[in-house]
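Copied from Swiss-Prot, the annotated features are:
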type	residues	note
REGION	1-25	region 'Disordered'
MOD_RES	Ser110	phosphoserine
REGION	112-138	region 'Disordered'
MOD_RES	Ser117	phosphoserine
REGION	168-283	region 'cGMP-binding, high affinity'
BINDING	Gly232, Glu233, Leu234, Ala235, Arg242, Thr243	3',5'-cyclic GMP 1 binding site
REGION	286-416	region 'cGMP-binding, high affinity'
MOD_RES	Ser431	phosphoserine
DOMAIN	453-711	domain 'Protein kinase'
ACT_SITE	Asp576	active site, proton acceptor
MOD_RES	Thr609	phosphothreonine
DOMAIN	712-762	domain 'AGC-kinase C-terminal'
REGION	740-762	region 'Disordered'
Amino acid sequence: MGNGSVKPKHSKHPDGQSGNLSNEALRSKVAELEREVKRKDAELQEREYHLKELREQLAKQTVAIAELTEELQSKCIQLNKLQDVIHVQGGSPLQASPDKVPLDVHRKTSGLVSLHSRRGAKAGVSAEPTSRTYDLNKPPEFSFEKARVRKDSSEKKLITDALNKNQFLKRLDPQQIKDMVECMYGRNYQQGSYIVKQGEPGNHIFVLAEGRLEVFQGEKLLSSIPMWTTFGELAILYNCTRTASVKAITNVKTWALDREVFQNIMRRTAQARDEEYRNFLRSVSLLKNLPEDKLTKIIDCLEVEYYDKGDYIIREGEEGSTFFILAKGKVKVTQSTEGHDQPQLIKTLQKGEYFGEKALISDDVRSANIIAEENDVACLVIDRETFNQTVGTFDELQKYLEGYVATLNRDDEKRHAKRSMSSWKLSKALSLEMIQLKEKVARFSSTSPFQNLEIIATLGVGGFGRVELVKVKNENIAFAMKCIRKKHIVDTKQQEHVYSEKRILEELCSPFIVKLYRTFKDNKYVYMLLEACLGGELWSILRDRGSFDEPTSKFCVACVTEAFDYLHRLGIIYRDLKPENLILDADGYLKLVDFGFAKKIGSGQKTWTFCGTPEYVAPEVILNKGHDFSVDFWSLGILVYELLTGNPPFSGIDQMMTYNLILKGIEKMDFPRKITRRPEDLIRRLCRQNPTERLGNLKNGINDIKKHRWLNGFNWEGLKARSLPSPLRRELSGPIDHSYFDKYPPEKGVPPDEMSGWDKDF
């Protein structure tokens, strides 16, 4: 410019330059981070994919392990059975598969059979009966207050935690655990002494409080027992022989509980609960006139639900199908009223009061709100569907109470009289034959039965004694003589069970139950003279074949169902169903034998003694909840499974494991392919964990089993009339042909005299 001025150059402001550089750096950093995120995402996806693969592999391996475990267990049982068959065939190689062993294999080879062939047979177990009328040394009446032992709160907590860690005990009710803790008492042992000794009977459960214990089998060390661990729990269920020894390595302190105290606690808490629930139900106008058996079923269906303060149990205007009884706490009842924006308090309900009872009759639109007034409110709940399935609809119950059912039954009997005439004639013929034989044996000496009878062969042996095939001297009339060692009965406190078997069998006359003709006794034995059924044991045939086809299984199940129908009508529960207790008569029809665990109970009543065969006992027996006829339906489901597969569904390496498997239930169990859909459905419905949900124990009773689709088309009338050919019939050469039974060695030694007098009325 003319004035010499110079135009300044444009220059970047230092701050602007810094800002641009900063933005570029950020963009670069973001790009780098994005690349890193993508890399990490790819890496994460790869790891997730790898993890998914590992999970799938783990799931497959878990399934494979479960299948292999089940298969191994099955193979072990099957191995025993195959070894038994080898013994049956005199050690020769098997010529046929287990499914194709002919029915008469036993007949051809029975002379070669030894006691080894009994190895797979299942044995029954029993605690002392709760009613020990014939036990001259029975203890005094149980008193919970006298059984309690003082402990501080920290000891109680440690014992409670130890019991709750145990696989079996953790399933008991909290109140039962609490009572057990109260009654456990201290037992101290010196170093080197035995707390439990292998081979000796057990009577206590223990919790280790101080010291060190080791478990031995023979001379072999198996394990050590950690502090505050429970052991010996099987002994509180029933009288059993210890399978291992527990030795004190140091001085030891334990807490112990006796079997008798445990069983009294279980019975006491369950009976108290049932009585409380029964009183609640008797206060409900809709239910107060129901008979005891219906009330008992409702009690067993009740579930406990808990609510905290402010929780709505029922909302006004909602439809409901559930009935509630307040078991603990308080609730308030509020209702919408004209002129108020908020529902108004109507009243407060307390323990023992109920609401929602109209829901048992039909869908009920709730007319008020029911709200918990405090924490831990407990309600007993039953819904209409459960109520209807278990005891019937309200209309059905009304008819029942008015006597309409009795009228309908009489009309039904008239309608079916002609159809049932053949089975009535058969029953009459059986009764006449039984009377004639009873008259004959009534003349025999009551203390010397073998003056008139001679032993032909041994049909069976057991812990109790032996069963001998006998015949009347100089006559072609045969019987089975059950010889029970009196000393064994006293030692195991089973006097009540023996008397119960006698009383029950004397009352029965059914073509599906073995007949009792006479009893005898001497200084060493009590005897039962029974019907001789010489077609063999169902267990032996199942052992030889491996499993049965469906038609044969249906026939067996039908025979048992008829036997149960007859027994349950008389108020008798059987409690020991298994193939070992089913025997074939000359026509191949099955009969129930061994009524040592059978018991007569009143309508709506329960019984408490732990008894049965481990693989067949129902969950409520294991948990000492009290049981009734529904245990027989459970065992029928187990029998169906064993007939079709050759093995029961629950079988552990020891009895306690078997019980824990039973308590886990059958619902989630995978069935083998040889059990088809229909029998599987029957088994699952018979083996429901809740007794009130079992087929046979619903409102239609045992008819639900007979009408199950697996048994569709079965000829029940032909079975009852014995005109239906048996798939298990075998030829007999005469009344003393015992060729279908295993051969047993002579009894070793002579049992001692037992003269306490418990059998004076036998």
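Glycine residues also receive a Cβ, built from the backbone N, Cα and C atoms like all the rest.
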TODO: Averaged across the region 'cGMP-binding, high affinity' (168-283), what pLDDT does the model get? Just tell me the whole number, please.
DONE: 94
Task: the region 'cGMP-binding, high affinity' (286-416): DSSP-derived helix, strand, coil residue counts - done: 44 helix, 43 strand, 44 coil
Open item on the list: Can you tell me the CA-to-CA distance separating Gly232 (3',5'-cyclic GMP 1 binding site) and Thr609 (phosphothreonine), as a whole number of Å?
Closed with: 19
- [ ] State the Cα to Cα distance, in Å, between Ala235 (3',5'-cyclic GMP 1 binding site) and Thr609 (phosphothreonine), rounded to an integer.
- [x] 14
Open item on the list: Give me the DSSP three-state residue breakdown of the domain 'AGC-kinase C-terminal' (712-762), ordered helix, strand, coil.
Closed with: 5 helix, 0 strand, 46 coil
Task: Lowest local Cβ density among Glu233, Asp576, which the record lists as recorded positions, within 10 Å - done: Glu233
Task: Cα separation, Thr609 (phosphothreonine) to Leu234 (3',5'-cyclic GMP 1 binding site) (Å, whole number) - done: 15
TODO: Translate the DSSP assignment of Leu234 (3',5'-cyclic GMP 1 binding site) into the three-state scheme.
DONE: helix
Task: Lowest local Cβ density among Thr243, Thr609, which the record lists as recorded positions, within 10 Å - done: Thr243
Task: DSSP-derived helix, strand and coil totals, residue by residue, for the region 'cGMP-binding, high affinity' (168-283) - done: 41 helix, 43 strand, 32 coil
Open item on the list: Rounded to a whole angstrom, what is the C-alpha distance between the residue listed as 'phosphothreonine' and Thr243 (3',5'-cyclic GMP 1 binding site)?
Closed with: 23
Task: Env. residues of 3',5'-cyclic GMP 1 site, Cβ within 8 Å of mean position of Gly232, Glu233, Leu234, Ala235, Arg242, Thr243 Cβ - done: Val196, Gly202, Ile205, Phe231, Cys240, Met656
TODO: Provide, as an integer number of angstrom, the distance between the C-alpha atoms of Arg242 (3',5'-cyclic GMP 1 binding site) and Asp576 (active site, proton acceptor).
DONE: 23
- [ ] Could you measure between Glu233 (3',5'-cyclic GMP 1 binding site) and the residue listed as 'active site, proton acceptor' for me? Cα positions, answer in whole angstrom.
- [x] 22
Open item on the list: If I take the alpha carbons of the residue listed as 'active site, proton acceptor' and Thr243 (3',5'-cyclic GMP 1 binding site), what is the distance between them in whole Å?
Closed with: 24
Task: DSSP three-state assignment for the residue listed as 'active site, proton acceptor' - done: coil
Task: Other CB atoms, at most 10 A from the CB of Gly232 (3',5'-cyclic GMP 1 binding site) - done: 21
TODO: State the count of C-beta atoms found within 10 angstroms of the C-beta of Ala235 (3',5'-cyclic GMP 1 binding site), not counting that atom itself.
DONE: 22
